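K.L.:
Straight out of Swiss-Prot:
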TRANSIT   1-24  transit peptide
REPEAT    59-93  repeat 'PPR 1'
REPEAT    130-161  repeat 'PPR 3'
REPEAT    162-196  repeat 'PPR 4'
REPEAT    295-329  repeat 'PPR 8'
REPEAT    330-364  repeat 'PPR 9'
REPEAT    365-399  repeat 'PPR 10'
REPEAT    435-469  repeat 'PPR 12'
REPEAT    505-539  repeat 'PPR 14'
REPEAT    540-573  repeat 'PPR 15'
REPEAT    574-608  repeat 'PPR 16'
REPEAT    679-713  repeat 'PPR 19'
REPEAT    854-891  repeat 'PPR 24'
Amino acid sequence: MIMIRIWNNYKGKYRFFLSNCRSFSSIKRPQIPESEETSLSITQRRFDPDLAPIKTRVYVSLFHTLFRLYLSCERLYGAARTLSAMCTFGVVPDSRLWNSLIHQFNVNGLVHDQVSLIYSKMIACGVSPDVFALNVLIHSFCKVGRLSFAISLLRNRVISIDTVTYNTVISGLCEHGLADEAYQFLSEMVKMGILPDTVSYNTLIDGFCKVGNFVRAKALVDEISELNLITHTILLSSYYNLHAIEEAYRDMVMSGFDPDVVTFSSIINRLCKGGKVLEGGLLLREMEEMSVYPNHVTYTTLVDSLFKANIYRHALALYSQMVVRGIPVDLVVYTVLMDGLFKAGDLREAEKTFKMLLEDNQVPNVVTYTALVDGLCKAGDLSSAEFIITQMLEKSVIPNVVTYSSMINGYVKKGMLEEAVSLLRKMEDQNVVPNGFTYGTVIDGLFKAGKEEMAIELSKEMRLIGVEENNYILDALVNHLKRIGRIKEVKGLVKDMVSKGVTLDQINYTSLIDVFFKGGDEEAALAWAEEMQERGMPWDVVSYNVLISGMLKFGKVGADWAYKGMREKGIEPDIATFNIMMNSQRKQGDSEGILKLWDKMKSCGIKPSLMSCNIVVGMLCENGKMEEAIHILNQMMLMEIHPNLTTYRIFLDTSSKHKRADAIFKTHETLLSYGIKLSRQVYNTLIATLCKLGMTKKAAMVMGDMEARGFIPDTVTFNSLMHGYFVGSHVRKALSTYSVMMEAGISPNVATYNTIIRGLSDAGLIKEVDKWLSEMKSRGMRPDDFTYNALISGQAKIGNMKGSMTIYCEMIADGLVPKTSTYNVLISEFANVGKMLQARELLKEMGKRGVSPNTSTYCTMISGLCKLCTHPDVEWNKKAMYLAEAKGLLKEMVEEKGYIPCNQTIYWISAAFSKPGMKVDAERFLKECYKKKNARSSNS
């Protein structure tokens with residue numbers, strides 16, 4: 001109590017601020033406002049002449065006691081303030097106190113920014129750092145991948161370095177897959193007169209094993225005069241992956257070592273990190289057969305890995321086994337269990353686990369609280385997460401960068417960008433320096449929200465305070481370029497980031513594979529996949545899903561191959577895997593394949609998602625199997641999967657094929673009985689379905705019912721009605737509907753004007769089109785690709801090729817890329833009048849702009865060329881050229897793209913190729929076409 005009173009008496013006298021002392025590096029830190037809770041700052045030392053030597057000794061003793069008390073309670077910022085207070089009273093803390101604090105900050109995960117800040121204050125206080133402090137600082141930089149800083153500190157000759165210094169740098173390089181670079185430090189150590197020890201060699205052996213270079217690892221083993229248990233454990237765990245465990249085990253036993261629980265736990269840990277969780281489980285059984293019994297570390301490693309691999313049942317079963325066997329459950333186990341339950345989506349059980357650990361007299365630390373905050377944020381319960389952070393501060397458990405980053409991630413996911421940026425500033429106020437992940441999350445959120453300028457400013461600020469660009473930032477920038485369609489810039493961006501020292505990780509590679517597959521660059525996507533494989537990056541279910549999605553899209557593999565390949569790699573497919581494969585089968589029209597995958601998914605114990613159900617229902621409806629589709633609906637109800645708007649649309653589209661209003665209304669009522677609730681979206685879907693068939697009277701009745709039930713029609717409702725009137729050629733009614741909409745105070749959108757422009761163009765009222773286009777622009781709306789497509793089609797219908805091309809040029813100048821259908825209209829215009837040169841140029845334009853031709857494009861081009869070949873006025877040499885071009889396009893269409901020519905195109909092919917010497921080629925091509933056509937019709 002005396003100590004606390006003395007502390008409180010002098011508490012008001014302390015001024016804490018960030019000193020302007022020269023740091024050990026050239027990084028300039030921003031002036032951060034002081035915080036009473038977390039400030040680490042030091043005032044200029046002042047000596048009080050009135051303090052007697054005896055009194056000084058009392059204060060020194062009290063400060064030392066207070067410092068140790070704070071450290072024992074893990075209240076590190078309190079310990080830091082104590083050292084600051086000592087300096088204020090002219091009592092310089094010795095290096096042991098500084099070293100203890102630096103060490104604790106490092107082991108508690110409060111990475112390099114806080115460690116380096118304490119290190120700077122130590123120097124400012126006039127205490128020279130020793131090799132221990134330097135080693136901790138280097139380790140903190142290695143942990144976050146700032147290897148260049150770590151190496152520069154190693155080579156700073158101001159402080160004498162030792163074996164531990166080199167081993168720390170070697171370990172950091174090996175952890176980041178840079179074993180070759182780490183090996184070079186062995187010779188440097190010898191030159192410095194520092195001999196490598198067993199730790200040096202074991203670290204390098206482990207590093208080479210991790211990157212798959214077992215030859216170099218074995219060579220290092222031969223260099224060691226005496227192998228220890230750790231060396232054998234490293235080799236054993238690495239050779240397990242190569243199925244050569246017998247050889248490594250034999251070497252270990254011959255050296256006089258028996259594998260113990262640590263050895264097996266290390267192997268299990270290595271397997272789990274490599275994604276081979278099931279093999280880790282098998283090894284758990286094997287170790288028990290050898291009378292080596294797992295401890296809580298073994299169980300915790302496996303439980304954590306099973307949760308991360310989404311194998312929740314096995315994880316919980318293993319935890320139960322651990323409890324039954326009487327293995328004590330500590331804070332780490334509780335934290336892993338709680339985190340895993342959050343990942344499994346079991347929010348209630350996760351919260352119960354937290355209550356259990358409190359009832360078990362466990363004291364939550366920053367890691368436990370962070371797992372709780374992260375889980376709550378991912379579950380969308382931000383208010384509870386905010387409450388937990390407040391509770392942490394009340395209990396003097398200071399949130400770290402991971403805690404705040406989790407909270408910021410939660411805000412960003414909810415679109416609460418102002419709160420995210422505000423918390424980022426609060427972190428700086430509390431001397432918790434944001435890391436690359438924190439900045440990356442906010443930058444990515446700003447990009448997604450279209451706030452590009454703010455995102456770029458934040459990335460500049462990040463670099464200014466010394467946070468290097470890293471994997472998270474790279475991922476945010478890559479995703480931004482993907483969203484805005486600037487795929488070509490991605491390679492340059494990656495090259496630039498790698499040159500700055502960013503090492504691509506599994507997530508980066510997965511993103512790059514996804515970006516290039518979606519951008520249509522199959523070759524680049526596969527090149528990134530190959531590089532990922534060569535670098536020894538582990539494949540998980542997410543990265544494999546991206547790969548098979550792209551390969552299925554480009555027709556490189558089948559669903560069976562994808563499933564088999566995944567199992568061979570030891571990766572268990574998840575619901576997303578099955579959805580990808582089923583969706584691919586649906587596009588190919590393989591209904592049997594979809595049903596096989598549906599059954600296989602359920603046999604694997606994977607519960608279908610709503611997306612899975614919609615794929616199966618959609619396939620059955622497309623094939624006219626309504627009864628079977630209803631059967632799937634019944635299964636959905638049993639699995640407590642409720643149909644959504646997509647399900648509703650699938651059934652309504654199918655019923656509309658009969659072109660009978662009673663069938664559509666019957667389906668509507670059926671879906672309502674299965675849990676679809678009436679809403680504006682449901683009414684709009686029903687009205688749109690009726691209007692597509694021109695059933696505007698029925699649609700108007702539905703709209704009346706909609707209003708009677710309290711659902712106010714919106715722009716979508718009126719757009720559908722206008723479209724229906726245009727389909728039925730009721731142009732005046734369509735335009736009067738627009739007037740009604742405006743009178744009701746409902747604002748038109750781009751789709752409204754597109755509907756009117758398309759309807760008027762189809763009716764041949766081109767002069768009216770110009771008037772509506774002007775009104776659209778006067779309301780500040782820019783024409784989009786649909787607008788231009790309608791305008792070009794309208795000009796084409798009246799035979800105005802010049803007008804069509806003028807609008808096409810305007811479209812390009814406006815920065816829009818025409819769709820395939822737009823190009824088809826233009827190509828058809830030129831082909832119909834025999835201007836194949838212009839048609840050919842447009843086809844080339846499609847290629848340059850990344851627009852893929854479809855069946856209609858090829859048929860138009862081939863038919864046009866074949867027509868010219870049969871024309872009597874065309875010269876023979878030009879006929880030969882047209883014929884060769886038609887043949888090339890036909891080959892590309894059938895053999896490369898897998899498209900089948902329509903009957904009219906086949907007629908013109910027959911006419912053109914029926915000349916002497918051409919019949920054999922014609923017959924071969926036509927046989928192939930008919931074979932493919934028959935195969936496709938039989939599948940459907």
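Every residue, even glycine, has its Cβ placed from backbone N, Cα and C.
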K.L.:
Averaged over the repeat 'PPR 10' (365-399), what pLDDT does the predicted model reach?
P.N.:
91
K.L.:
Which sequence positions outside the repeat 'PPR 8' (295-329), separated from its termini by at least 6 residues, show Cβ-Cβ distances below 8 Å to it?
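P.N.:
Hits for the repeat 'PPR 8' (295-329): 261, 264-265, 268-269, 272-273, 275, 277, 280-281, 284, 287, 336-337, 339-341, 343-344, 360, 540-541, 572, 574, 605.
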K.L.:
Going along the chain, which residues at least six beyond the ends of the repeat 'PPR 16' (574-608) come within the CB cut-off of under 8 Å?
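P.N.:
Sequence-remote neighbours of the repeat 'PPR 16' (574-608) are 310, 313, 541-542, 544-545, 548-549, 552-553, 559, 562-563, 566, 615-616, 618-620, 623, 639, 641, 936, 939-940.
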K.L.:
With DSSP helix as H/G/I and strand as E/B, how many residues of the repeat 'PPR 19' (679-713) fall in helix, strand and coil?
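P.N.:
Going by DSSP assignments, the repeat 'PPR 19' (679-713) contains 26 helix, 0 strand, 9 coil.
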K.L.:
For the repeat 'PPR 10' (365-399), jot down how many residues DSSP puts in helix, in strand and in coil.
P.N.:
26 helix, 0 strand, 9 coil
